[in-house]
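Per Swiss-Prot, N-linked glycosylation site is recorded for Asn289, Asn462. Per Swiss-Prot, topological domain 'Cytoplasmic' is recorded for 1-19, 73-86, 167-173, 236-249, 312-348, 426-429, and the stated evidence type is a curator's inference. The topological domain 'Extracellular' annotation in Swiss-Prot covers 41-51, 108-145, 195-214, 271-290, 370-404, 451-523. According to Swiss-Prot, the transmembrane segment annotation covers 20-40, 52-72, 87-107, 146-166, 174-194, 215-235, 250-270, 291-311, 349-369, 405-425, 430-450, on the basis of sequence analysis.
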Amino acid sequence: MLNVFGVSASMPDDSRSQKMGLLGAISYIVGNIVGSGIFITPTSIIENVNSVGLSLAIWILAAFISMLGSFCYVELGTSIRLSGGDFAYLCFMKWYPVAFAFMCIGCTINYPATLAVQAQTFAEYVFRGAGVELDETSEFWAKKLLGFSLIILLMFMNFFSLKTFVQRFSILASLAKIAATLLIIITGFYYLIFKHWKQNLEEPFKGSNWNPGPFVNALFAGLFSYDGWDILNFGAEEIENPKRTMPLSIIIGMTCIGVIYVAVNVAYSIVLSPTEMIASNAVAIDFANKTLGAAAFVVPVMVAILLIGSLNSTMFSASRYLQAVSRQGHIPSAISGIAPNCDSPRVALLVHILIAIAVSFLGDPDKLINYVAFAQWSQRAFTMSALLYLRIRGRPRHPDRIQLPIIMPILFFLVCTSMVVISIIDDFKSSAVGLGILLGGLIIFIIFVWDRALPSSHTFRNATHVINEESTKFMQIIFNVVPERVGDEEMKNAIGGAESESEKVPAYKISPTGNGQFKCTRM
């Protein structure tokens, strides 16, 4: 039977000399956030708000919301020392039905849709950069196949954890990210200062659309580009003097990112009119074609490289999330399998890729971003309610925590809730996908996981146990992996309790018999 288990709370206790200082924490935040979003969402934002001025205001507002969220999640992460983010905190609160429902959204929408958006954008930049022109149907399938080919290639690379290659490529992707953003900013401001291209900035708020629905959709798109602001939440104990370093690094890091994003969008707006941006499928390419002449090919090449890096990062995070969910007993333990020779969650990788390929057919990148944003911010509203519950009721938390003025989590909770409610009222079709999966997750939990429903049946427990063990053995043979599971007692570590070792689900040793077959022995 699939049970609800606790999550791992292990964090390395590094020496002071190995810990991250202020500069390291700032670079960690900036490096994790600045990426593909700035080349994906500008068109969506200006399409929703219809003006340069309001689109820039959206970028600034998204930076402030992300900064506020980052502070709140730092308090949460230092109060409850669990890996696994929102899902782990909801489990800690014993809100298992809610945690399970949002886990379903995370596995089927959040990560897969993000991967699909990045793959589709990669294909768009490659096709536009290469000047390939096909009829509409052929172009649709050609772009899909190119995106799928890339993520399948990256999947096999992650199967064998080619760390040396991945690390080197990550450096290349980081350089491409820096070069592309600097090139766009410098070029745009060159045309403003020396060529006097000011026409698009003269009436920045002309024609602005202030309707709540489009405004929230634009804000969702902006926040998608700032995604990753909770990164320090996963490594509070890795930071030197966290009570000083973490707040300063958030303020400085998020301010730097906000300045970079606004500068890039000002550069776009100097060169391209709102009409041109709305009509663009690859805004950086149209920018380059209008300003760089024969050197315009450099931009799509750099964007394609950084998108590959972003795809690999998303795939890495998503597969570990799926594997962690399996370790906790929410989904079959076969998915928790880790390759013993390279620590790769191969089954989780494959499952994630298959879901991402299916999700990519749900709509264009803008539609997928709305699905992701609604699901994410719904979950964050529940997570903030958990933090407020802990604060107001005075429940046990880790003694060495960072505690904010309570007005900050209250304000962030209101922001999350407001965006979700407005999205439901004004764009119910986009919200319906997330709401449907959320409701489906609750129904599945009540029927198949809740111990007063089917799991109370001895026959059901035996059947699910047999299916779980047989599927685990099958996946071990196919992928050469060993499944894992964590124990409930590890929850004690979350608030500074005693440590306990991870338990493992039944594992099997696979050995050849010499006649072309294999023997499976329970360990």
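Cβ from N, Cα, C; glycine included.
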Candidates Asn289, Asn462: member of the glycosylation sites with the richest Cβ shell (10 Å): Asn289
Range from 20-40, 52-72, 87-107, 250-270, 349-369 with most C-beta pairs under 8 A to the transmembrane segment (430-450): 87-107
Euclidean distance between Cα atoms of Asn462 (N-linked glycosylation site) and Asn289 (N-linked glycosylation site), Å: 64
The transmembrane segment (291-311) touching the transmembrane segment (250-270) per 3+ Cβ pairs under 8 Å rule: no
Stretch among 20-40, 52-72, 87-107, 174-194, 349-369 sharing the most Cβ pairs under 8 Å with the transmembrane segment (291-311): 174-194
Within the topological domain 'Extracellular' (41-51), residues counted as helix, strand or coil by DSSP: 8 helix, 0 strand, 3 coil
Same-chain residues at least 6 beyond the ends of the topological domain 'Extracellular' (41-51) whose Cβ lies under 8 Å from its Cβ atoms: 58-59, 204-210, 214-215, 217-218, 221-222, 224-225, 264-265, 268, 274, 277-278, 280-281, 283, 365-366, 369
Highest-contact recorded stretch vs the transmembrane segment (52-72), from 20-40, 174-194, 405-425, CB pairs under 8 Å: 405-425
